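As recorded in TrEMBL:
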{"type": "DOMAIN", "residues": "103-163", "note": "domain 'DUF3772'"}
{"type": "DOMAIN", "residues": "595-659", "note": "domain 'Mechanosensitive ion channel MscS'"}
{"type": "DOMAIN", "residues": "668-749", "note": "domain 'Mechanosensitive ion channel MscS C-terminal'"}
{"type": "REGION", "residues": "779-826", "note": "region 'Disordered'"}
{"type": "TRANSMEM", "residues": "175-194", "note": "transmembrane segment"}
{"type": "TRANSMEM", "residues": "224-243", "note": "transmembrane segment"}
{"type": "TRANSMEM", "residues": "255-278", "note": "transmembrane segment"}
{"type": "TRANSMEM", "residues": "380-403", "note": "transmembrane segment"}
{"type": "TRANSMEM", "residues": "409-429", "note": "transmembrane segment"}
{"type": "TRANSMEM", "residues": "457-481", "note": "transmembrane segment"}
{"type": "TRANSMEM", "residues": "501-524", "note": "transmembrane segment"}
{"type": "TRANSMEM", "residues": "553-572", "note": "transmembrane segment"}
{"type": "TRANSMEM", "residues": "578-607", "note": "transmembrane segment"}
Amino acid sequence: MSEAMKAVRAKLDAAKSDLAQREKDLGRPDLTPVDLTRIRDGIGPVADQLRTIVDRTEAPLEAARERLTQLGPKPKDVEESPEVVQERAEREAAVARIDETQRLAKSLLVQTDQIVDRVSNRRRESFTRGLFERSQGLLTPALWSKVGADMPRDLKALQSALSDIGLLFGRNGTVGNLLLLGLAFGISVALYFGRRNIAPRLGRREAGKVDPTRRQKLLGAWRVILLGTVPAVVGSYAVYYALDATDLLPSRLLPVAGAILGGLAFIAFVEALCDGLLSPDKPAWRPAPVSDAGASRVTRLAVGIATVITVVKSIEALNSGISAALPISIATRGIGALATALILAIGLHRFADREEEEEACLGPYVPTQTTTGIGGPARLIGWAAVGIIGTAAVIGYVAFAAFLIDQLVWSASLLVLLYLLIQSADTFVGGSLSDNTRIATALQANTGLRKRSLNQIAVLSTGAARLILFLIVALLVLAPWGLDSTDIYSSVRTAFFGFKVGDVTISLSSIALGIGILILGIAITRAIQRWLEYTYLPATDLDAGLRNSISTVSGYVGFLLALALAFSYLGLSLEKLTIVAGALSVGIGFGLQSIVNNFVSGLLLLWERPIRVGDQVLIGDSEGIVKRISVRSTEIQTFDRSAVIVPNSNLISGVVKNRVRGDRTGRVTITVGVLRNQDPVLAAELIARCATSHPDVLKEPAPRVVFRKIGDTYLDFELIAMIVDVGLGLKVQTDLNFAVFKTLSDAGLIPPMGPGASIVTVQGLDGMQSALGEIAGKFGVGPGRGGDEGRRASGDSPAAAAPALEEAEPVRSAVPRDLNRRSAGS
């Protein structure tokens, strides 16, 4: 056995003997809570030492087992060489020694846990037994008869204590001691005087200020609490220190002075706390949402209860100092409990709402807003406490009644401080980061954080502060019930460094470090991804789609590696993950088919790359540019700047039109109409010339003009041109439309304002035309002419009839014009 192993065995032997002695002490029935605490405190170092031994022997044990495994199993049919046999024996012995040492340490560690559990059980039983120990009730005549019988003896003991004070003053009352005591009393009086007269001025809560801010209210409240509490505490401690240092009081009466002085400081603290939170005389500076009458009542109630508690504690200390009889101590506690319950009942009765009783004559009233707040539950808890305290004091559970009063005062003080601390955290921490304050502006300027990020930090900070404050107050509230800080520390330490559930060791520290490794791996992966995406890959000749695929694949590979490292740190090997993988496969088979389908489709898209980042695709009625391809979905940005999220399975199994799959060249088509009476060959040449002159139109293949249709009015042509980039399609199409229109308009192949007016020909009006000619001929004959001359002028001589026809022309043309208007109107 090596020297290191011998030292470890010596430590284990010492720990074993120490634990055996503590178990023997724990078997004594007369242990006090102090003895139990001493035993429990001595277990902690031993347990730490045993844990250290277990941790330090883990690595050597694994190494020794690995060396033994390399030799393989011992063959049955073939004899090994003496060297191998000796090596196997030495390695087996080393494994056995280390394993035995570790198992012994683990066994002793289990023994320490058992001793701690026994100590906790004994302390809990002692606390419960003392708390619920029943004595004679206040209404029992036997109690008061014993009090009357023991009173003369206790009065003589008090006289003896007072005479001892006189003797000590005569013996120790030197000038120095008297000066020190007088100086302490002078300091105390000065501090109390300053607290009453000077502290309100230093509080800086101006009565004339109508609307102070929330920050000013809280600052004023804390100033009032500190200026009202600190002088009282310092003055009481100064007097107590002087009495203790000068030895002018008997040692048995010194706790009486401590109780009185501590009670005065406690009353000052309660008064300052109520003044700071409720501010009865300055409602504008009140941080709590309480009415003026409620603030005054709560202040009087709290100060009254604090005064009663101080008087009772002082009398109890005096009874303990003079060794008063037990009935007198019981009567003192019981009367104090009843007095406290009575004051609390009076205060709660004054809080009762009188408005409904005063307005009952006006009929039923439906309030416009709810008034139930903390007042209702608080009053309910208060009346329950009054009933429990009074009943316990009457029936004989005086210790429980006194303990309950102490807990009510302690819990109420902690809740008030918790309220002020939470409000201060929200105002000073959250408000400083979320509002437009100097701190927020400086952080934005120096760190580059956005206002929204600062708001999130403010919310997280206030939430963390609230959680910490709630935990601290909860521990302080539970402390008098037997919950010790050492128990909390040991529980947290056990949970942090590992505890076993069956064969599985759960360690919060390992989990936290595993999560840290995972986060660190993800951060490194993101840094590599950004370097590839913005630095290295743009310097290569790879297209955007391939660069995106490389960046995405590197991200997922890095994440898997970080996850594997985190699992390996937690001790989860691939063999242990097989069961988890099987369970996941069952879940995938039932409910995750679509997710896995999209995942596999995403991997196919990244590998085969039928669609790449930057491609212009048409999926259904959505056409746009591919912006991002992930393993679950693909993001497409349409031409109206909308984002379309398409599952990858639709891209693999559906029909997708990729306009730039092979290259980025595209085709532009425009339709041109030329008047029918124009030369089609010239029109085609002019249109083709416009396309070939455009810089974005490819020369090969050359633009083509297709003669599509010979219409009644127009000749329809179609221009087909190939362009260098499909993304320029709209631009090139617009440019070609402008160029073709200008060229054809300049050549006269397209009328400037359209095809012109329509000519309407009406058939079957020949007879009407002849009749109108005859009428015109008749109107063309002068006076004295006969009908024959007129007929000859109209029928035989066209020259003679021409003027008449010219005069009749407006009438002839008026008919078709009117018909034309009718046709257009219809």
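Heads up, the Cβ atoms here are built off N, Cα and C, so glycines get one too.
Remember, TrEMBL labels are computer predictions, not curated facts.
Given the structure is predicted, the values throughout are model-derived calculations rather than measurements.
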Positions on the same chain near the transmembrane segment (255-278), where near means CB under 8 A and six or more residues out: 195, 220-229, 231-233, 235-237, 239-240, 243, 249, 286-288, 290, 294-295, 298-299, 302-303, 306-307, 309-311, 313-314, 316-318, 320-321, 413, 416-417, 419-420
Closest-packing stretch to the transmembrane segment (409-429), where packing means Cβ pairs under 8 Å, from 175-194, 380-403, 457-481: 457-481
Intrachain neighbours beyond the transmembrane segment (380-403), with Cβ under 8 angstroms and 6 or more residues off its ends: 130-140, 312, 330, 333-334, 336-338, 340-341, 344-345, 347-348, 480
DSSP-derived helix, strand and coil totals, residue by residue, for the domain 'DUF3772' (103-163): 52 helix, 0 strand, 9 coil
Per-state residue totals over the domain 'Mechanosensitive ion channel MscS' (595-659) - DSSP helix, strand, coil: 20 helix, 25 strand, 20 coil
